[in-house]
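Listed features, source Swiss-Prot:
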type	residues	note
SIGNAL	1-27	signal peptide
CARBOHYD	Asn29	N-linked glycosylation site
CARBOHYD	Asn40	N-linked glycosylation site
CARBOHYD	Asn112	N-linked glycosylation site
CARBOHYD	Asn135	N-linked glycosylation site
CARBOHYD	Asn172	N-linked glycosylation site
CARBOHYD	Asn189	N-linked glycosylation site
TRANSMEM	195-217	transmembrane segment
TOPO_DOM	218-419	topological domain 'Cytoplasmic'
ZN_FING	264-305	zinc finger
Amino acid sequence: MSGAARAGPARLAALALLTCSLWPTRADNASQEYYTALINVTVQEPGRGTPLTFRIDRGRYGLDSPKAEVRGQVLAPLPIHGVADHLGCDPQTRFFVPPNIKQWIALLQRGNCTFKEKISRAAFHNAVAVVIYNNKSKEEPVTMTHPGTGDIIAVMITELRGKDILSYLEKNISVQMTIAVGTRMPPKNFSRGSLVFVSISFIVLMIISSAWLIFYFIQKIRYTNARDRNQRRLGDAAKKAISKLTTRTVKKGDKETDPDFDHCAVCIESYKQNDVVRVLPCKHVFHKSCVDPWLSEHCTCPMCKLNILKALGIVPNLPCTDNVAFDMERLTRTQAVNRRSALGDLANDSSLGLEPLRTSGISPLPQDGELTPRTGEINIAVTKEWFIIASFGLLSALTLCYMIIRATASLNANEVEWF
């Protein structure tokens with residue numbers, strides 16, 4: 001496997017960490033400190049001697065708002081062309097301010113335009129403060145961003161409280177409001193507990209991953225060593241068995257020279273005078289130069305699959321199938337020229353046929369195109385191992401990135417919003 005191919009997963013892991021580090025975190029905005037606002041509301045209903053009062057503890061000063069106390073009557077925008085205007089975004093937004101009112105506070109709903117536009121429009125009509133209520137019932141107030149609005153105080157409250165106040169104003173009931181500075185809330189930075197959690201989680205993940213990889217490669221090494229020992233044992237046994245097999249030289253008049261006699265099943269050539277042949281225990285005959293490499297690897301007859309080790313009593317309990325596959329590429333390279341020549345002669349000679357060899361259970365020799373997948377299979381195996389290693393690295397990087405984002409992410413209540 002090439003170095004570039006190995007570097008591919010590593011580049012993915014590096015890219016994952018880079019993406020994590022460049023994540024457009026809203027936590028940077030959320031890390032801004034903010035101040036809570038304590039709001040007391042007094043409602044004077046007609047015909048009621050004692051005014052109704054309630055307190056709002058979940059208000060929040062805007063980021064660019066002065067943190068100061070203010071008091072005044074609450075007013076909502078007048079309808080525009082008969083349509084209620086709760087947002088304060090329209091250029092025609094107006095407020096009816098009674099002549100006896102010196103300080104008043106605008107009540108507006110969030111949405112449709114930026115906080116800066118709403119606050120600036122209320123300030124244009126001389127409001128001393130703006131209270132903006134949320135437009136989503138289940139959301140807490142956020143820290144509003146409204147640079148350039150001057151000295152006007154801006155506070156956000158929940159939708160529920162805002163609509164409660166608005167309901168009184170729509171009935172022409174006087175509502176007085178006092179806004180006081182509450183608690184300063186420090187930035188919500190990466191807490192020590194989160195850091196410990198991320199560190200422990202990542203260490204545990206890496207330990208598990210490393211243990212799995214160590215176990216995997218130990219097993220692989222053990223398997224490889226056992227296979228190599230078995231191969232050496234079989235190789236030694238095969239050499240010993242080959243030395244005990246009968247070898248003779250074909251002479252004139254021997255049955256092997258008969259045209260009807262089976263050809264050598266390995267090289268598919270007929271036997272000629274002075275050829276050295278090997279006679280196996282099953283009585284099958286092959287060229288010595290052809291069958292010896294085969295027996296060294298397979299220790300079985302190429303035709304009937306007889307185990308020569310068992311037949312000769314050398315290794316009776318060790319099957320030849322434990323050995324690795326015979327390297328046909330090496331054999332065919334040594335016999336390539338002769339085999340192709342023999343195949344050409346057999347194709348041109350109608351008196352000779354390959355049918356007896358086929359019926360004898362001989363597996364056809366692979367062609368050159370069939371040998372190339374062996375290298376491809378090796379590459380696939382190596383690629384698979386590197387993929388397993390790289391997968392754990394990539395998974396660890398992504399997990400660490402996810403945990404960091406989760407640990408640093410703040411609640412919606414700590415977000416800074418522009419509109």
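Glycine is treated like the rest: Cβ placed from N, Cα and C.
Of the listed glycosylation sites, namely Asn40, Asn112, Asn135, Asn172, the sparsest CB environment within 10 A is found at Asn172. Across the zinc finger (264-305), DSSP classifies residues as 11 helix, 8 strand, 23 coil. Between the C-alpha atoms of Asn40 (N-linked glycosylation site) and Asn112 (N-linked glycosylation site), the distance comes to 28 Å. Cα-Cα distance from Asn135 (N-linked glycosylation site) to Asn172 (N-linked glycosylation site): 23 Å (rounded to the nearest whole number).
Between the C-alpha atoms of Asn172 (N-linked glycosylation site) and Asn112 (N-linked glycosylation site), the distance comes to 26 Å.
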